[in-house]
Amino acid sequence: MTALIDMRDIHKRFGGTVALDGASLTIAPGEVHALIGQNGAGKSTLIKVLTGVYTPTSGQILLDGEPVAFSGPRRAQQAGVATIYQELNLVPLRSVTENMMMGFEPLHWWGGIDWPQAHRRARTVFEELGLDIDVRRPLSEYSTAIQQLVAIGRAVSQQVRLVIMDEPTSSLDEREVQRLFEVIRLLKSQGTSVLFVSHFLEELYAVCDCATIMRNGATVEQRTLSETPRLELVASMLGRKTSDIQASGTTSFREMELDTDETLLEVESLATDKGLRGASLEVHQGEMVGLGGLLGAGRSELARALFGLDRSTRGSMRLAGQRYAPRHSRDAIAAGVALLSEDRKVEGIIPEMSVRENMTLPLLGTLSRRGVIQRRRERELAAHFIEALKIKTASMEQPIGQLSGGNQQKVLLARWLATQPRLLILDEPTRGVDIGAKREIQRIVQDYQAQGGAVLMISSEFEELAEGAQRVVIMHEGHSTRVLDNPGLSEDALVTAIATAQHDRADGAARDDERSPATATDHQETAP
Amino acid sequence: MTSLHSSRQATPRSASPRWRQAMPVNPRSLALLVALLALILFNVAITPNFLEWQTLSVNVSQVSTIAIVAIGMTLVIATGGIDLSVGAVMALAGALAPLIFLSEFGQQAPLAMTLVAIVVALAVAVACGLFNGVLVSRFGVQPIIATLVLFISGRGLAQVLTNGNLQTFDNPAFEFLGAGRLLGLPFQGWLVVVIALVVAWVIARTRYGRYLLATGGNPQAARMAGVPVTRVKLAAYTSCALLAGLAGLITVAINSASDAAKNGNLMELDAIAAAVVGGALLKGGKAPIAGVILGAAIIQLVRYTLLANGVADEVALVVKAAIIVLAVYLQTPRGAH
């Protein structure tokens, strides 16, 4: 059988940098194909070459055995290759139909858009995808997951033969991921191929047939997933032997025996009007406390309140025994609290500023004298952290926007470590970074803890929490509901705790406050 | 010879690698410099009497106000904002100063009161900037709307203060601002050099400069990193208004007369044009002072070229528009890098 797509020995250079160095990719019709590799391995570049965003320096692309060269994404789309990007390229305020049909609207003979037909077509597509939505409503009224399905619907409505999904699940919750998988299986059953890029191995095994593994701009190998153990896949991605990985252990946030009883942070019945209703917890020095819960449980909201971004409306915080009530992030930083935010692009990096400038931003106060930046000290600091955290960058002057996700995250981690915080709050620190970077980030956090730093970590990966945290506080609908202690903390226990929190809630919302130790004082405080 | 004047200001960014190690030669400043040189050569070839001291003086004197206002505008644009009120602030400051030194008090102690007049006029300009800044940074009003308030009312106020009359005066001390000379060149030209160097230094070397670019580059991330975004914006709008006030005084001094209806009219457009041609991004995060000075010089020289060769001012406006379109085109990211 002729492959649908056959990319052979693709090379791509940007000036002096080699982005692709002999990459290849073969996708059969009706196949769900995973493209994996660490950040910077060349996955995105390969996709952009395939869709005509970039022209390859050398190499050949065959579609149904015929050589092709798309001059741009639109040409690729016309040939049946559609891409769903990480950031959706949709127009939020226009209707679902408009977003779906844009550029391909059915027209009247006189050139006007045939709206009834457009809506009808859009509805048909969504019915096929098992989605019942009003196609006339603006897109922005729907969740990210549905918006993503609209993007897929847009692709499907144009007779595609290959749908490329770049990190489609990074902003979806569990149920939405399952729905996406159903759609992918549906596409497969219709003979459409899917190229799936993701960092989550579970997802790959759940939905993909085979995987192409890339490393340093080249294709290492192609494997059939059902015949490949997970460890081998990871080893191939990292370019190591499986035995090495087993030796170093896959668990990275090691348990640490700590006998320090010094309480660093005490939070009591903290509430904001942004979705935090009553959270209590304690963090001791040198300890990692995890926050568990589903999306929207109030974990990020608690982090925001601790960092002075949302004003507390109730409850109290104490930091190292002192009353702590930050009104701005500046107050929090001055008090020794740091927050590595969940949304790296929006709340983290300043894309056009250099690695150095991004790193030292919160530190400029101490790095300058009478308002003038002491550049030698600044450079020394940046150089130190680039080396210590093994940040891969051409130089400290490279704009941070040009780095891979994992390295951007390391720069931001360096930004906060450089402020020498007493409490480091990490919100999904390893989301969207590859396994190599993930492990390094975990090691860096561990070192920081070993030096007595305290960590409050939000993670949707139960494994990460179960392995790293001394205690995990479970949150549900803005309340802290219970605390699980390590040792004795397993992924199962976490899942059960989170699941029963949900269950309890369903039993009777009115009893919620009584159950949680966190909100025991709520009754007095809400009384007046 | 005009090139001498401009290229010297280009040094902070284009020629000295120590200022910006990431870009040893800023391609944009270089392109602007080439464009300016081409314009000069073109003039040498066709414009009569171009290579005369007089020509340089006239051009420097006329470009100075644009350049000064454009520097302030660049600071505001760097935060991702815009200031439409600069022309009105020029009119207000320009109307106030003569009112003070022409008053009875002013006649009794001319020199002291001239100084007081300048200080008061600039203080009022600063107040205008604070007003803009507070609206934008504290109350979150869209910059274009916030500064529209003073754009409309500022000039009106200036005309009310002067009863709509032209104020003429004879005050040598004050006129030095516009007609004075240092080393044969207009005083305000030197003022531009000093202001440009100071502002470029502030942007490249100080904490404030870094905060300014961070605020424009990604306001949310900047705030999360502890940058006092509100104060940074406030300072940008205030500096912009202060510089506009200064430009207003210079215009009045050049003419030995204050006309509230004409002073700084359409200056906001010239300043924005100079900033955009010079490489400032309207979405914020960039403040290329050297480029902006070159931008102002190019706009001025194009206008001069056309006028000196008998092309009507109305046509010159069209050419100016074409230059802005070209600059915006060059600024728009296209396709892949």
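Using N, Cα and C of the backbone, Cβ positions are placed for all residues, glycine too.
TrEMBL lists transmembrane segment for one of the ranges B:56-77, B:210-231, namely B:56-77. Range with TrEMBL annotation transmembrane segment, chosen from B:28-44, B:266-282, is B:266-282. Within its own chain, the transmembrane segment (B:315-332) is flanked in space by residues 28, 273, 276-277, 279, 281, 295, 298-299, 302-303, 306-307, which lie at least six positions past its ends and keep a Cβ under 8 Å from the stretch.
The stretches the transmembrane segment (B:56-77) and the transmembrane segment (B:266-282) are in mutual contact, each linked to the other by at least three Cβ pairs under 8 Å (pairs 6 or more apart in sequence).
Using a cut-off of 8 Å between Cβ atoms, the transmembrane segment (B:234-254) and the transmembrane segment (B:143-162) share fewer than three residue pairs, counting only pairs 6 or more apart in sequence.
Using a Cβ-Cβ cut-off under 8 Å and counting only residues 6 or more beyond its ends in the same chain, the transmembrane segment (B:109-131) has close neighbours at 85, 88-89, 92-94, 96-101, 103, 149-150, 154, 171, 173-174, 234, 237-242, 244-246, 248-249. Taking residue pairs at least 6 apart in sequence, the transmembrane segment (B:266-282) and the transmembrane segment (B:84-103) share three or more C-beta contacts under 8 angstroms.
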